[in-house]
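Would you mind keeping the following structure in view while I ask a few things?
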Amino acid sequence: MATKEKLQCLKDFHKDILKPSPGKSPGTRPEDEAEGKPPQREKWSSKIDFVLSVAGGFVGLGNVWRFPYLCYKNGGGAFLIPYFIFLFGSGLPVFFLEIIIGQYTSEGGITCWEKICPLFSGIGYASVVIVSLLNVYYIVILAWATYYLFQSFQKELPWAHCNHSWNTPHCMEDTMRKNKSVWITISSTNFTSPVIEFWERNVLSLSPGIDHPGSLKWDLALCLLLVWLVCFFCIWKGVRSTGKVVYFTATFPFAMLLVLLVRGLTLPGAGAGIKFYLYPDITRLEDPQVWIDAGTQIFFSYAICLGAMTSLGSYNKYKYNSYRDCMLLGCLNSGTSFVSGFAIFSILGFMAQEQGVDIADVAESGPGLAFIAYPKAVTMMPLPTFWSILFFIMLLLLGLDSQFVEVEGQITSLVDLYPSFLRKGYRREIFIAFVCSISYLLGLTMVTEGGMYVFQLFDYYAASGVCLLWVAFFECFVIAWIYGGDNLYDGIEDMIGYRPGPWMKYSWAVITPVLCVGCFIFSLVKYVPLTYNKTYVYPNWAIGLGWSLALSSMLCVPLVIVIRLCQTEGPFLVRVKYLLTPREPNRWAVEREGATPYNSRTVMNGALVKPTHIIVETMM
């Protein structure tokens, strides 16, 4: 059969299962319910909905508070070398892979792998475990940001001075550092900053350790409840509501980041901060940790291996040119990370000059930047209340759209397992409320007096780079060596009208697996047990709990392989062959098309059904 005829068969094969679904609940059509057919899934109402949702999903807190710090720590401009190697060798290929298999199969993060390779459907379960754990702790950052935002609506910022009930006799205002003679005299004593005391003694009420959980912080618990409610109402109606919310949440942070960038560049000391950020140190490339940081940053910032991008792609129309937009979104994501460094380090340079210290003494990453370094910087600027409100609104919006996109990915992956049940009526909305409630209750462990230790345990292990690298390796291995990169390229050509360059295919087959394995091994070799603030050492039971969180996702892949082999009858090699064969996209839709035979290469009791590219071949 000619290539054009094969592609026409693919087009006919998909035309029914990829229609939009204007039902009363996302993905449900009344006529489907009446006829007893599985509900069809909805689609994005416009292309911009998808673009903004993806942009909001992966342009988040890591772009602002993690990339700039890693860049300065790992050799400044020299860090961009391993960063771009991992970007083009693994980040963009895996990002596009997840989007395109979602679009091609019209399925979420679990069921797409059920169709592509049932034996390795554990990839989807691993992704859902990771994103479920991530959703529990990531939103706690937004609860902290909400608390800081509320505290910013005061004439005087509460972390600017030492005259509050939570301050200790050792509190020393940062303005004292300007007087170097006074500072040298008192620096031998253990004095602390009012910003640190506000963070540790007011916001966290930090306990001595993880084995001292203390009482619940009700103010933070209410902030956590508030952000979960916002997240719920942003996604409860499916992608048609999510696609509209991101018009604001995904664009407004860029405007505020631009304002902060302009303000930072006009401050004294900004030039020194930017030089510190980008000054290259090529010798740092000899350290394997630099390459590990580059690889893990790519996977974190592109939100891959979480099932979220696959779920977002599954709502695309079949003919949507996602390849073009994935490349543009990649430029946006990495460009935002790079520009954020100018905004952050210009302000850190100003703060270092004001305090008369080295920039290395004020540079922070993660929560240390968001809740210590930057709040301290705004107290030294004119109109500190205004800049504090602006910063924490930006932080909230950056985190919120990432959060509800990841929750949407989690929900879509789970709903697609039982579409006939969970897409009827208001069951999907009830299920979302249930998932959000459980996640909120688990998150309460992180807003106790010992909650910061629990938060760091989740952050260090549950969604660590090791887990993401593990999933990425199997994704590429299955597509390149089992399903076949050329077979997927056939589907891509049918969807977007042309075949992408071979770069993607070679990356899936060789480059990405090699980078993942190398980074995975070095991560284990360079592993350092978790500490808090470089002083508190976690007990052994907590370290064991952390590794249990990491293994809970990683073990899904081999565990599902064993379960599937045990559940399937027949000789071992026959079972393996059967489980490595893709399944039909949607049996009822296919049968309506009358495309038969499906089981011309049946392995067991007529149960084996070929994927679309094999079905086309049988119709020659």
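Each position is counted from 1, following the chain as shown.
A Cβ is built for glycine as well, from the same backbone N, Cα and C atoms used for every other residue.
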Quickly, which of N163, N533 does Swiss-Prot have down as N-linked glycosylation site? Just give the residue.
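When Swiss-Prot is consulted, N-linked glycosylation site appears for N163.
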Could you work out which of the recorded positions (N163, S322) has its C-beta surrounded by the smallest number of other C-beta atoms within 10 A?
N163
Which one of these stretches, 245-262, 298-315, 327-348, 430-448, 545-563, has the most C-beta pairs shorter than 8 Å to the transmembrane segment (122-142)?
545-563
Okay, the transmembrane segment (78-97) and the transmembrane segment (465-485): do they have at least three CB pairs under 8 Å, pairs separated by 6 or more?
yes
For the transmembrane segment (50-70) and the transmembrane segment (430-448), check the count of CB pairs under 8 Å (sequence separation 6 or more) and say whether it reaches 3 or more.
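Per Cβ check, the transmembrane segment (50-70) does not touch the transmembrane segment (430-448).
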Count the CB pairs under 8 A between the transmembrane segment (298-315) and each of 78-97, 327-348, 430-448, then give me the winner.
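That would be 78-97.
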Quickly jot the same-chain residues contacting the transmembrane segment (430-448) by Cβ under 8 Å, restricted to those at least six beyond its ends, or write none.
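Sequence-remote neighbours of the transmembrane segment (430-448) are 132, 135-137, 139-140, 143, 207, 213-217, 220-221, 224-225, 228, 231-232, 235-236, 407, 410-411, 414-415, 422, 454-455, 458.
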Using Cβ atoms and a strict cutoff of less than 8 Å, what residues sit near the transmembrane segment (327-348) while being 6 or more residues removed from its termini?
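Here the qualifying positions are 51, 54-55, 58-59, 62-65, 67-68, 71-72, 83, 87, 91-92, 95-96, 254, 257, 260-261, 263-265, 267, 270, 273-274, 276-278, 301-302, 359, 362-363, 369, 373-374, 377.
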